[in-house]
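Presented below is the structure to which this report refers.
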Amino acid sequence: MSSLALFLIVLGLAALGWLMARARAMAFRRVAGGQRAHSLPNYHGWYVALWAALPALLFIAIWTPVSGNLVSEEVMSSPAASSLPPFEMQRMAILREAREIAEGDRPGGFNPQSSEIATVYKSALGRYRMIGAVVALLLAFAGGAFAFTRVSPHFRARTKVERLVMAALLGASTIAIVTTAGIIASLLFESVRFFSLVNPLEFLFGTHWSPQIAIRADQAGSSGGFGAIPLFWGTIFIGAIIAMIVAIPLGLMSAIYLTQYAKPAVRKWMKPLLEMLAGVPTVVYGYFAALTVAPLIRDFGKAIGIASATSESALAAGLVMGIMIIPFVSSMADDSITAVPQAMRDGSLAMGATTSETIRKVIVPAALPGIVGGVLLAVSRAIGETMIVVMAAGLAANLTANPFASVTTVTTQIVQLLTGDQEFDSAKTLAAFALGLVLFIVTLLLNIVALRVVKKYREAYE
Amino acid sequence: MNDMQTMTAETRLSNDAAPKMTARDVSVYYGAKKAIDCVSIDVSQEHVTAFIGPSGCGKSTFLRTLNRMNDTIANARVDGAIELDGENIYAPSMDVVQLRARVGMVFQKPNPFPKSIYENVAYGPRIHGLAAGRSEMDAIVEQSLKRAGLWEEVKDRLQESGTALSGGQQQRLCIARAIAVEPEVILMDEPCSALDPIATAKIEELIHELRGRYAIVIVTHNMQQAARVSQRTAFFHLGNLVEYGETSEIFTNPRVERTKDYITGRYG
């Protein structure tokens, strides 16, 4: 019996339990007459259905991977497996083939040994599947029957269902957290492998980036360098400097206009329009940067006599990224300016201050922590941004402050290191994970600081 | 019910030499809704004037027309004439910024800026350029805090945040802030409604001391407070000025039935 069929049968049992419990609850409801049952029939139905389905499904979810391992173990210990070749890859290929034959996915094996092992496989597979199915169905029956015996006028099915719903929601949110933990674990694991090949100090403080390891000593590029400083600098230069020079003033000023000057009618259509910028796919920004902005900047650079101006410049990527970030800064600034109590504004205006004096001297200082928090979030978003820099920033790991020159960023290099055919155990590929780890830690810290700042400030006015 | 109440208020006052502010036939609209209906009133320099009335009667709305704070409300419109020393404050030539420097305001909830005590008081003088240097500014801050009765409590911690003070101290700080720009009129919009009785007593005492130096108009929903601090009382109801007169007269011998009902606590 396949897992899918088992799954459907369990669901069918749950549905049956639902109908039966509901019918029973309906019945005692009619019989009881004047006395009211604690819960409506539907809740009794759900209570039984959940008891029938959840333990069985949980068992299936655990059993499926566990039984896979048990099957392979049994196959490996069988006499047929003793003649397998010792070489790992060959052995794995034969085993895979045997498994596919056993499951009926392929008619015959390429290796002569595989059909022999397939029979062992088939019996083991069948046995473990049968055990799984029987246990799951027993669990479903037992759970359903247990719940069904509890259905009575005084039974608080409604409260129980409420608690199960809460548990389900908690489970849903845990998945996201567990996934994040998994991502961190994989980053850490691969990074540790990388740092066993490359000295962490060289990686963090070295200034020469040329991520390749030669197979033979006399090959070109044998002097591979993994100093990531040019990458970190490029990331900061584009994401935290050029983009912020564009995004902070424009975002802040548009927030001030929208909150303090714009009439409600203007604000009503202008705010969503501005926020639409955040919905533009980053790849669209990417080719806008690469095809429209970059050539303009190169021509401008040449025109003012900068010979080094290239068509892949830090300035082009930074400017477009700044535009992309504007809605972030402006909506955070908007929130924190709106959170400044009207009384502050009135107090200042009543002193005879003009609107712009009030904004400069009272509103912006009062909203500053929120604005700073918003800017930090925007920076963390900007340095993690990939598409724009991949398309417009270039690959040359230059350590330069010339905005017309080409620089590269952490994200660009990660893409570069992992695209195409790569073996997954060379320092070159593993470097991508180390870069990812650094990026992750930096953005995480930025986010924590930003959220703290924002929260502290919110408390001040509540 | 009295016939007089419908159109014009019952007003009986000995004529002042020259009232500081005069309002004639002032109506205020919020969109299509009329919040104030044809109010005419004189505010004298020497006296504290109290506006009393039940919630929603328009007393605060009317107070805010006196320094054009209603301008900040998008759909508010003011009809009629209000003069400060004979000058129409709604005339196009009137500079609102200058007007508000002359007619200061203290709000219902203390609203010190999130700055130091010193900076709170120095805020007005600074934007209006009233002090030529550090020492002059120090003098203005000290004098304003003294007049607001706060100096002794805060003189050693002028650099601390104004928002760290107690509610009553914050309100006196707001009064000091208003005084610092040397206004001619101070409008107080229920200045004690967020304060405890002791802090309220201090503010009331302060109002007594400030009387004469500034024309003071105070809105209050607390009739005992109006009786304690004011010399003139105006009773507002449903957007109308019902009765205006000497405080002692209004409280002991109201002429209009509605005033009497309110003062004796029949509604409000």
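Backbone N, Cα and C atoms are what each Cβ position is placed from, and that goes for glycine too.
Curation does not apply to TrEMBL; its annotations are automatic.
Note that the coordinates shown come from a computational prediction; the quantities given were computed from them, not determined experimentally.
Here is what TrEMBL says about this protein:
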- A:43-63: transmembrane segment (TRANSMEM)
- A:131-152: transmembrane segment (TRANSMEM)
- A:164-189: transmembrane segment (TRANSMEM)
- A:231-258: transmembrane segment (TRANSMEM)
- A:233-450: domain 'ABC transmembrane type-1' (DOMAIN)
- A:278-297: transmembrane segment (TRANSMEM)
- A:309-329: transmembrane segment (TRANSMEM)
- A:362-380: transmembrane segment (TRANSMEM)
- A:430-454: transmembrane segment (TRANSMEM)
Checklist entry - Honestly, do the transmembrane segment (A:430-454) and the transmembrane segment (A:164-189) touch, with at least three Cβ pairs under 8 Å and pairs 6 or more apart in sequence? => result yes
Next on the checklist: Check for me, if you would, whether the transmembrane segment (A:231-258) reaches the transmembrane segment (A:362-380) - at least 3 Cβ pairs under 8 Å, residues 6 or more apart in sequence.
Outcome noted: yes
Checklist entry - Cβ under 8 Å to the transmembrane segment (A:362-380), counting only same-chain residues 6 or more beyond its ends: which ones? => result 239-240, 244, 247-248, 251-252, 256, 260, 325, 328-329, 331-333, 335-337, 339-340, 344-345, 347-348, 353, 442-443, 446-447, 449-451, 453-454, 456-458
